[in-house]
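Chemist: In case it's useful when we look at the structure, here is the feature table from TrEMBL:
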BINDING   A:Lys11, A:Gly12, A:Gly13, A:Val14, A:Gly15, A:Lys16, A:Thr17, A:Thr18  ATP binding site
DOMAIN    A:5-225  domain 'CobQ/CobB/MinD/ParA nucleotide binding'
Amino acid sequence: MARVVVITSGKGGVGKTTSCASIGTALAMQGFRTVLIDFDVGLRNLDLVMGCERRVVYDLINVLSGEANLSQALIKDKRVDGLYMLPASQTRDKDALTTEGVEQIINELKDDFDYILCDSPAGIERGAIMAMYFAEAAVVVTNPEVSSVRDSDRIIGLLDSRTRMAEEGKPVSAQLLITRYDPERVEHADMMSVQDIEEILAIPLVGVVPESDAVLRASNKGTPVVHDKESDAGQAYLDTTARFLGEERPMRFLEVERKGFLSRMFGGR
Amino acid sequence: MALNVSGQQAAFQFKGGALTVTTLEFFTADVGYIERELEQQTRRAPAFFSHTPVVLAFERLSGDEIVSLELISAVCKRSGLMPIAVRCAQDAIKQSAWALGLGWFPPQSEKRLQEVSKSRELSVKPARIVRNPVRSGQQIYARDSDLIVVGSVNEGAEIIADGNVHIWGSLRGKAIAGAQGNLDARIFCQQFKAELVSIAGVFQTFEKEEWPENETVTEIGLDGDNLIIR
Ligand SMILES: Nc1ncnc2c1ncn2[C@@H]1O[C@H](COP(=O)(O)OP(=O)(O)OP(=O)(O)O)[C@@H](O)[C@H]1O
Ligand SMILES: [Mg+2]
């Protein structure tokens, strides 16, 4: 039986899709059958980050309206076994997302998969609510800045009230993923520190992904950054996925890298 | 495209039940007097008035007083309240209520009024306890009691109590104590980074620079018309 996980944030452009693609890929690399559902109807981009945009024939809305069945719409990842995605529609009406329809799709996928990751659109409107409604767990993606933290706070409140689990009186287990972390800017107090964010949001931290050129490079190539195992962001997503699966790993990439003479001599941190 | 299309489902359901509604009990029918007082109160605490549904109650007035319901209702709406019904014995008011599209409730008998106030005096209502952080966009109201938050009140959140407010974590949002006018109500928090605090309608907003330097336990109370923060 699959576990349904929503990747959500409130604020736009913080790294939800990037995180969904990389965590999903890492889960599949560990042997878990994983499917990614793009709920961002109107802005199709999970397929771009996954590099499968040219293979999109049918989408979520086609399946919801009965024009295609799930097996026709699911796209199999070329690089990792057991990884699939269900793309969003670029053109269709957001109102086509109904609770009943989404429930049916998720139930059908549950038998076949270990993890269902829902890539939420930004905001707190219908699309975001649909993406979270059936989730049992949530990864709340936050950037180290006041407005992003505040929006995440809002979203955690919604996870506690506007989900099926909440309606049944059970908590959705929400974990915090801080992305685009730039230790240098934190040191100069331009950005919030991990501690500050944790204190405000008061949910467990699952990972910190540093600001990294590797992310842009990866998404230009259509390869989730987690494949770039040399890169800091790639490693951070591997760590994050391990922690998500219950492993304990120390947080990395929290300090400014000192390229000084001493740190080079003694291997730095 | 239609939502929730499933043939058999009923379109609606009637449900009985008690709903707490604010009543506005008039001691006068003088519209000018009412308007002035409403204006004063809304200026002090705009948040309480905006879009609050109210029942207009007239049983405190003597039976022969002339009540211009249309004007009173308009005055209420102008201050942000939303009259939904009246409560009275007078037929004339009842008629105007219907004409204005307001509902009607029978007056509360003297005996019940007395009983209610008696039982109020005797019973101590326990504090409302919230065990999670109160998050942006959430609002919590402890009616007739204290409110205890075992966590923080975040930016964009609002907590209101008719009694005292106790926050075990940081106060980063809005906190309102003595919402029904209790001048002795207080707000306590572990760390003061509030957007707004209010006691019995006296409120103050804060910018970052105005927060107390020492990040320790803070108590907010009222001294005359001034908020004291220490
Ligand atoms: N760790 C990172 N370092 C540098 N750039 C990043 C990082 N994470 C994400 N980005 C960049 O930020 C932009 C937004 O990322 P992404 O599309 O994943 O965000 P999103 O939350 O899904 O956005 P939306 O709300 O529009 O769906 C992209 O250009 C992406 O390449
Ligand atoms: Mg996205």
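Cβ coordinates come from backbone N, Cα and C, glycine included.
Unlike curated records, TrEMBL annotations are generated automatically.
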Chemist: Among the binding-site residues A:Lys11, A:Gly13, A:Thr18, name every one whose Cβ is found under 6 angstroms from ligand 1, counting any of its atoms.
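Modeler: Once distances to ligand 1 are taken from each Cβ, A:Gly13, A:Thr18 fall under 6 Å.
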Chemist: What's the number of neighbouring CB atoms sitting within 10 A of the CB on A:Thr18 (ATP binding site)?
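Modeler: By my count, 27.
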Chemist: Determine the most Cβ-crowded residue among the binding-site residues A:Lys11, A:Lys16, using a 10 Å radius around each Cβ and all protein chains in the structure.
Modeler: A:Lys16
Chemist: Please go through the binding-site residues A:Lys11, A:Gly12, A:Val14, A:Thr18 one by one and keep those whose C-beta falls under 6 A from any atom of ligand 2; give the result in sequence order.
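Modeler: Among A:Lys11, A:Gly12, A:Val14, A:Thr18, near ligand 2: none.
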Chemist: If you count other CB atoms within 10 A of each CB, which of A:Gly12, A:Gly13, A:Gly15 wins among these binding-site residues?
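Modeler: Output for this query is A:Gly15.
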Chemist: List the residues of the same chain that sit at least 6 positions away from A:Thr17 (ATP binding site) in sequence and have their Cβ under 8 Å from its Cβ, in sequence order, or write 'none'.
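Modeler: In sequence order, the residues whose Cβ lies under 8 Å from that of A:Thr17 (ATP binding site) (at least 6 apart) are A:Ile7, A:Asp38, A:Asp40, A:Asn45, A:Leu46, A:Val49, A:Asp119.
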Chemist: Sequence gap of 6 or more, C-beta under 8 Å: which same-chain residues meet both conditions with respect to A:Val14 (ATP binding site)?
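Modeler: Result: A:Val141, A:Thr142, A:Asn143, A:Ser148, A:Thr179, A:Arg180.
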Chemist: Using the Cβ centroid of A:Lys11, A:Gly12, A:Gly13, A:Val14, A:Gly15, A:Lys16, A:Thr17, A:Thr18 as the reference point for the ATP site, which residues of the same chain not in that list have Cβ within 8 Å?
Modeler: A:Ser9, A:Ser19, A:Ala122, A:Val141, A:Asn143, A:Thr179
Chemist: Tell me the coarse DSSP state (helix, strand, coil) of A:Val14 (ATP binding site).
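Modeler: Note: A:Val14 (ATP binding site) is coil by DSSP, not helix or strand.
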